[in-house]
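Worksheet: one structure, shown below.
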Amino acid sequence: MVPGGRKHSGKSGKPPLVDQAKTAFDFEKEDKELSGSEEDVADEKTPVIDKHGKKRSGGLVEDVGGEVQNMLEKFGADINKALLAKRKRIEMYTKASFKASNQKIEQIWKTQQEEIQKLNSEYSQQFMSVLQQWELDMQKFEEQGEKLTNLFRQQQKIFQQSRIVQSQRLKAIKQLHEQFIKNLEDVEKNNDNLFTGTQSELKKEMAMLQKKVMMETQQQEMANVRKSLQSMLF
């Protein structure tokens, strides 16, 4: 029966460590076989055969094999625990990074909406003021036109003045519209730059966190391997 720890460690890219443990076990097995062959030679020279002694020797080999099997299973369980802890830390760091990213993006979006709303409010008030003034001017022009219908020259002069006023009002509206578009584009550009910078910082933080987790995991795995090998060899 293959231990669960050895199967999982093969997926984690650490088969050489298990091979080293198996190699150490093979060396011990070879030593025992060599010592066993020497005992067989000694037994051939000795005319008396101890059958009970051979049975006890076979039981000792089985006990040693069981202990090695238990150590390997414990070694696999330690690797499984380390991998599970690594996975939990990665999930924790990833969730924290995603949460921070969402908060920053929401803040950027909220700021952008507030700035756009502020611009809309300011320029709406200015547009309304100019339009109201223009309507008042037109009303005055109509009233003056009705009163001065018999005075053509004076009416023509007023008409020319009104045309100049209308041209100025239209020019003011055009300037306000162009300024509004320019400010809106500047806000969008600044927010895009801020979003790009935030995304770049988040990528750097994720890379640093991943590197830190990998280093901690490698150190923990090496410590587990040393501990398992020491318990296996000594």
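Cβ atoms are placed via backbone N, Cα and C, with glycine included.
What Swiss-Prot annotates here:
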| type | residues | note |
| --- | --- | --- |
| REGION | 1-57 | region 'Disordered' |
| COMPBIAS | 1-11 | compositional bias 'Basic residues' |
| COMPBIAS | 25-35 | compositional bias 'Basic and acidic residues' |
| MOD_RES | SER35 | phosphoserine |
| MOD_RES | SER37 | phosphoserine |
| REGION | 51-56 | region 'Interaction with DNA' |
| MOD_RES | SER57 | phosphoserine |
| COILED | 64-221 | coiled coil |
| REGION | 67-72 | region 'Important for oligomerization and fiber formation' |
| REGION | 86-89 | region 'Interaction with DNA' |
| MOTIF | 86-89 | motif 'Nuclear localization signal' |
| MOD_RES | THR198 | phosphothreonine |
| REGION | 229-234 | region 'Important for oligomerization and fiber formation' |
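Residues 213, 216-217, 220 of the same chain sit 6 or more residues outside the motif 'Nuclear localization signal' (86-89) yet have a Cβ under 8 Å from a Cβ within it. Taken residue by residue, the motif 'Nuclear localization signal' (86-89) breaks down under DSSP into 4 helix, 0 strand, 0 coil.
On the 0 to 100 pLDDT scale, the model's mean across the region 'Important for oligomerization and fiber formation' (229-234) is 70.
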